[in-house]
Amino acid sequence: MARALCPLQALWLLEWVLLLLGPCAAPPAWALNLDPVQLTFYAGPNGSQFGFSLDFHKDSHGRVAIVVGAPRTLGPSQEETGGVFLCPWRAEGGQCPSLLFDLRDETRNVGSQTLQTFKARQGLGASVVSWSDVIVACAPWQHWNVLEKTEEAEKTPVGSCFLAQPESGRRAEYSPCRGNTLSRIYVENDFSWDKRYCEAGFSSVVTQAGELVLGAPGGYYFLGLLAQAPVADIFSSYRPGILLWHVSSQSLSFDSSNPEYFDGYWGYSVAVGEFDGDLNTTEYVVGAPTWSWTLGAVEILDSYYQRLHRLRGEQMASYFGHSVAVTDVNGDGRHDLLVGAPLYMESRADRKLAEVGRVYLFLQPRGPHALGAPSLLLTGTQLYGRFGSAIAPLGDLDRDGYNDIAVAAPYGGPSGRGQVLVFLGQSEGLRSRPSQVLDSPFPTGSAFGFSLRGAVDIDDNGYPDLIVGAYGANQVAVYRAQPVVKASVQLLVQDSLNPAVKSCVLPQTKTPVSCFNIQMCVGATGHNIPQKLSLNAELQLDRQKPRQGRRVLLLGSQQAGTTLNLDLGGKHSPICHTTMAFLRDEADFRDKLSPIVLSLNVSLPPTEAGMAPAVVLHGDTHVQEQTRIVLDCGEDDVCVPQLQLTASVTGSPLLVGADNVLELQMDAANEGEGAYEAELAVHLPQGAHYMRALSNVEGFERLICNQKKENETRVVLCELGNPMKKNAQIGIAMLVSVGNLEEAGESVSFQLQIRSKNSQNPNSKIVLLDVPVRAEAQVELRGNSFPASLVVAAEEGEREQNSLDSWGPKVEHTYELHNNGPGTVNGLHLSIHLPGQSQPSDLLYILDIQPQGGLQCFPQPPVNPLKVDWGLPIPSPSPIHPAHHKRDRRQIFLPEPEQPSRLQDPVLVSCDSAPCTVVQCDLQEMARGQRAMVTVLAFLWLPSLYQRPLDQFVLQSHAWFNVSSLPYAVPPLSLPRGEAQVWTQLLRALEERAIPIWWVLVGVLGGLLLLTILVLAMWKVGFFKRNRPPLEEDDEEGE
C-alpha cells in the first residue's frame, strides 16, 4: 500500500529536498512583454498548497477566471481533503471562492459487497484542467476498498476526478480504476490488470473534442495506464450516490509484460496533439520518467493506444518525461513536442556533475517520419534549480507569427526562490537564449513556477498572458502581456569622407572642416498599440572609439552624439531627421584605416519609478552604418606596405642573479605604401623590463613607447609613424633590463615585429632574438694573521723553564669567504692546512676551530689534545705592538765563550716541512653577498721554540676552496675555486748585556770637556758682551 503513494510523494520529495540548498547565479534577463511590475496576485488558505495546479477558465459568456488546485485544503471534518478555487479575473486580484464537491467518505452495500471511498488526504486539486465551461479537478490519492465477508480488495489509491459546471451547478465524478475485484483474485492472476494503485488524475488534459484524458502512473501495478472518456458521457452516466458505475465510451490503455515498463510511472505527464498527419484524430503524449530502469521515455500514441513514437531519455535518473508540452514553435503548422528532464546533470569543467535540468525540443518533420533526435537542447544554468519542471505553451506572445513557451525552474533564481524563463519561437524552432526571465516575487521555498499556464488573453488586450503557481507561498501570480511596438530604424550616411575637401566651417573657431550629412528615419507598427507614440532616438558617432578619441563630431554641438524625441503620428508612418557632422583634423587622431561606425538606437521614454511602460519596444531598435576616410593609397585607396625588420643584441650572455642590461638594436624599413599606425612590438620574456628606446630620426630621437599585456605576455609598443611612409628607414636602440632568471632556462627570447593597421600585408615577419643565459659566481677567499708577527726572547728564563702554566702568546689564522655574486653557489668546500698537530715538537698548539656563516668544519687530527681551557688568560699580543715573551730586568748571563754570535734567517714552517692539521669545511649554499669565516685559535708551544734559541720562523697555513655546482638549470661559465695563505713571522730577541763602569766615566768626562771648549769659543767671539738700549734718563742727561 505504501508503494501506491510513490509517484506524487516522490515528486513532492524531489521538489522539497532543495528548499534549503542555495542556487547558482541567475542567467541574464532580456525583457520582452510580460509585465513583471504590475502583477495580480491571488492567495489561498495557509498550508493548502494553493497553486499546486492551475488553468484558465472561460464561462459561456466569455468571462475569464483562474481555476486553482490546493491539494492540502482542509475539508469539513478538518482533514486534508484538498480543494479547488475559482478566482474571477480582476486586475487588482480578489477573493477566490472554492468549488463545492462532496468531500465526505462514503460507504455503500451492493449485494454481498461493501464499497468504500476515503477522501482524507485524497489530494483534490493535484491536477486541474478547464474545457469549455467545465472544470475537471482530480484527487489522485482518493482511496477505495471493497469488502466481502472476510476478504477485501485492500484500501488503495485508485484516484478520482470531479467535474463541475459552475454556471449550471452540475457535478460529476469519474474514477476509471474503481472495481470490485478482491485481492485474492489479483494474486491468483499475478497482479495482471491490477488497477488498485492507479492514482488516476495524477495528470490530466482535455482534447479539443471534449475527451478527458487521465494519466494514472500507478496503474497495472505501477506500469502506468491512460484512461480516456468524453466529458459529456461522464456527466450523462454519473449517478449521485452510486460509487461504482461504468462510462460506456471510456477506454483504457493496455497492460504490458515488458520489463522496461516496470515501475516506469507511465502516465506521469500527459498532453495531446497532432502527430500522425490526420487532422481528424488526436494523439496522446505520455511521459514515463522512470521507464527502463529510470532512463525515462515519452511515447506518442494514437487514439487506439498504439505507439507511434518513442523518445528515450539520454541520462539515467534525469526524470525525462516529468513534463511534456505540445505547440507549434516554428510556424510550419505542425505540432512540436517539448520534454522536461529537471534532474538532468551536466558535466562541468571541473569534471563534476551538476544537476541543472534540461528541456528537449522535438520538431515534427514533414511527412510520416519519426521525430528523431531533438532539434534543440535547453539546459539550465543553476544548480538544483529543477529547470524543466513545468513547460507551458504561451501562444504568440509578441505577435511575430511564432508560438512561444515558458519553462520553470522552481528552485532557481535569486536565493532559490524560483524562476520562469520565456523562450521565443522562430522559423528554426526556439531561440536558445531566454527573451525574458521572471524572478519569483515570493520568498524562498515558494516553488514559484511549479505550475504554469499560458496562451489565454485574460485582460482582452490582444496578447496572451501567463499565470504562475507558487504552492509553497499559497499564491498565484498573473503576468499580463503588454502590446509590442515593432520599430523600424534607418540610418543613411555617405560611403567615404575626404579630408582634403573642407566645405564647412566650425561656428566657434571658423576653422574649415570636412563635413557630411546624416539622415535618421524611425517608424513603428504593432497590434493594439497607442495611436500616439513617442520614442527616443540616440545617435552615436564613431561609437567604437573612446569618447575622447572620436574622429567625427556633430557640427553644431561638436559632441559625439545626441538624443532626439520623435513623436510618431496616428499611422505611425516613418519620420526622418537630418543632421550634419564633420571630420576632425587628422592630427587629432591616429586611426585612419578602420571604418567610422555610426549607430542609432531607439527606445521608449523613461517612466516613473515603479511603473512599467504601457508598451514594449521590439524589432529593429538598433541600427548602425559606417563610412571611411579617403587615403592617399592609389586608385584602389588600399595601402599595401612592405615592412622589414632586422635586429641584433649586445650585452649577452645574461647572468643569473645579475642586473643585466641588454641593448636591442633594430632597423625598421617600409619598402611599400604607407603603413598606418605603424608600431614596433617587442614581446618581453619573463623578468625583462623596458627602460627606454631611441631612434636615429631627427626630431624623434626618443620614441613614444607603451607597455601592455597580450596573452599574459608584456609587450612594448613603440610608435613608428602614422603613416610610416614609403622608403622610411628607422634605426632603433632599446635598452631592456633583465633579471629573475633563475627559472629562465638556457636562453630567453625576444619576439619583435612591426605592426600596422593596414588591411593587407600589415605586419613584418617576426624576428626572434635568443639571448643565452648563464650562471656565474665570484667567490673570494682572504686570509689574515693576528698578530702578523711575534717577537720572542731567544732564550728561556728560569721562571718559565719546564713550566706548563705559562703558554706562549695566542696566534689566530682567519680565512674569510665572500660571494660577490651574481649567482648563488652550492656545495662549497674549504680545506685549511695548518702546520703542526699540537705535539711537543710542534711550534703551534691548536686550541680550537671556530666557523661562522653556516660553515661546518671537521679538523684531523682533533685539536687541543691536552684539553687546555683556552678560556683562561693566555698572553695575547696586540696587533699594533708585537708581543714579547715577558722577562725580568735581571737577565741570565751565559759564560762569555757560550754567548751566541747572531740570529739565524727565518725558517718557513708549513705543511710541506712539518706535521699538518687539516681542517675540512663545507657549506651547503652560499648566496650572493653572503660571508663565511673560519678562525683557527692557537698559541706558541714554548718548550719546542726554546730548543732552537737562535732560529726565527715564518708560520704558514694554506687554504683551498672549490664549488661543486650552481643551483640553476643553465650551465655555469665556470665553477669558482681559489686559495689563500697566511703567514705569521716569529722573530727572536738576544739577551741584554751589562755596561762597564769605565764606559760611563769616560762618557761623562768627555761631555764636560766638550762643554768647556764650547764656552771658551763663545766668550772669544764676544757672545757674552752685550750693549744695553739707552734709557729715558740717559736721553734727558744728554740734552
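Placement of Cβ uses the backbone N, Cα and C atoms for every residue, glycine included.
What you see is a predicted model, and the numbers here were worked out from it, not measured in a lab.
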Select from 847-851, 962-966, 992-996, 1022-1026 the stretch of residues annotated by Swiss-Prot as motif 'GFFKR motif'.
1022-1026
Pyrrolidone carboxylic acid per Swiss-Prot (candidates: GLN558, GLN891, GLN952):
GLN891
Check for me: which candidate out of CYS138, CYS198 does Swiss-Prot give as the disulfide partner of CYS161?
CYS138
Could you check which of the recorded positions CYS87, ASN280, CYS515, CYS705, CYS718 is the closest Cα neighbour of CYS521 (disulfide bond)?
CYS515
Tell me the Cα distance separating CYS515 (disulfide bond) from CYS198 (disulfide bond), rounded to the nearest angstrom.
80
To the nearest whole angstrom, what is the C-alpha distance linking ASN46 (N-linked glycosylation site) and CYS96 (disulfide bond)?
14
Which one is it: of the recorded positions CYS161, CYS916, ASN962, whose Cα lies the shortest distance from the Cα of CYS633 (disulfide bond)?
ASN962
Using a 10 Å cut-off on Cβ-Cβ distances across all protein chains shown, tell me which of the disulfide-bonded residues (CYS198, CYS521, CYS576, CYS916) has the largest neighbour count.
CYS198
Which one of these disulfide-bonded residues has the most other Cβ atoms within 10 Å of its own Cβ: CYS96, CYS515, CYS633?
CYS96
Since the record lists ASN46, ASN601 as glycosylation sites, which of them has the fewest other Cβ atoms within 10 Å of its Cβ?
ASN46
Proximal residue to CYS504 (disulfide bond) among recorded positions ASN711, CYS916, ASN962 (C-alpha distance):
ASN711
Applying a 10 Å Cβ distance cut-off over all chains shown, what neighbour count does CYS718 (disulfide bond) have?
22
